[in-house]
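See below for the structure under consideration.
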Amino acid sequence: MYFTMFLSSVGFTIVITSIWPYLQKIDDSADASFLGWVVAAYSLGQMVASPLFGLWSNHRPRRESLVCSICINVLANIYYSYVYLPPSHKKYHILLARVFVGFGAGNVAVVRAYVAGATSLTERTSAMANMSACQALGFILGPALQAALSAIGEKGFYIELLHLKFNMYTAPALLAAFFGVVNIVLVLVVLRQRRDSNVGFIFHFTDQVHVAPEIEGSIDHIAVLTSNILFFIILFIFAVFETISTPLSMDMFAWTRKDAVLYNGIILAAVGFQSVIVFLVVKVLSVRVGDRPLLLGGLVIIFIGFFILLPWGTQYPKIQWIDLQNYSMPDILLAPPLTTNGTVEPTGCPPEQTWCQYTPAIHLAQYITSDILIGVGYPATNVMSYTLYSKILGPKPQGVYMGWLTASGSGARTLGPVFVSQVYTILGPRWAFSLICGIVLAAILLLMAMYKRLIAFSVRNGRMEE
């Protein structure tokens, strides 16, 4: 299950930094606003699939839902590699491919339900942290592999037999498909299953997985709803971060498409490595200080990270085709492109984004500092939020509940990219990141208001001291 989670995150992050340049290359009509829809498409598919796979896993062997979901993921990645073939509307084919990739990723709910059902309350935080560490390790290797595959170049080479353009954009998706095939083989060959009366079908290796008998008591649905809202906000924030990184860096630092894929891949890989360290630290700290203080501290760190990313100063970003050198330009016409044959790629802030004329530039030091802080806050809040959630639910079958939690996160990753791409394109980074700071502050206030209700099922029903 840990390895399945690892491969799921690799399959997602391996293309995330190259989607925007890929869109620009195959379809000139695609803009930053459409990028938001493409990134959101993955999460939309996952949001729809998660409760379905969760329900399926509660009543049937989990191997079935896992193999079906991974097969969908493999086929969708192959589809993504061929979206350049249709004569028109290529950006919509990318959109559809990402929906199916996300639908296949709905098995995350099955994985989480298994781990929750196969661990005791005292083991839960450690197991969830291990799962998150595997997920973060996937986040490391995904961007790192994309950065390595950028050496193939935009042109790459053509495989006549398959009618395939093998380049820096299609290679990552094909590698993700290969990982999916490996995952299917492991699920079919390695895992065996039995039926448990409390949690439905579960997997085991050579030893039996013992699950505590069902405990009488009611679930605090207010705490469940609060946990879903907090998880939604946490995933919303990270969706904003991962969506905006490539267009923001291209606008502010005048990076080319290839540079943006390479450098952001390196940065995200470094953030992922940092996340693994955070998960290991969280496992130790949660025993000493508890889950809720770590969740609150992580939200505060995220708030600081986005606050630092707000644009300050008097230096302005470079505008595409000409450097305005800090002049205001309400009545100045932009110069025509330096070349008309398309051999020189324009870099800098697009002139159609009018905020480029009056919004100060974000410096590279700000960008990297913000990445580091968000890379500390996000993994801490992520693992603590669904660790708390599984403890609130107690020993009840968690497939459907985990499906709703995953759907909540997927809804956030659907709305987050659309929100930030629209606000960023029209109003700029100052408005976008100010609104994010307000959302994080609202999450902090909600957590403080509901702090006493976010307790484990056994504690609430008087069977264990907090």
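Our numbering is plain: 1 for the first residue shown, then up by one each step along the chain.
Placed from the backbone N, Cα and C atoms, the Cβ positions cover glycine too.
The domain 'Major facilitator superfamily (MFS) profile' feature in TrEMBL is assigned to 1-455. Per TrEMBL, the feature transmembrane segment maps to 5-23, 35-54, 66-83, 95-115, 127-149, 169-191, 222-241, 261-282, 294-313, 431-451.
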*asked:* Check the transmembrane segment (95-115) against the transmembrane segment (431-451) for contact, please; criterion is three or more CB pairs under 8 Å, pairs 6 or more apart in sequence.
replied: no
*Counting only CB pairs under 8 A, let me know which of 66-83, 127-149, 169-191, 261-282, 294-313 has the most with the transmembrane segment (5-23).*
127-149
*Could you tell me what the rest of the chain brings near the transmembrane segment (431-451), counting residues at least six beyond its ends with Cβ under 8 Å?*
222-223, 226, 229-230, 233-234, 236-237, 240, 244, 292, 295-296, 299-300, 302-303, 306-307, 309-310, 420, 423-424
*Taking the transmembrane segment (169-191) as reference, which of 35-54, 66-83, 127-149, 222-241, 294-313 has the most Cβ pairs under 8 angstroms?*
66-83
*asked:* Over the span of the domain 'Major facilitator superfamily (MFS) profile' (1-455), how high is the average pLDDT in this prediction?
replied: 81
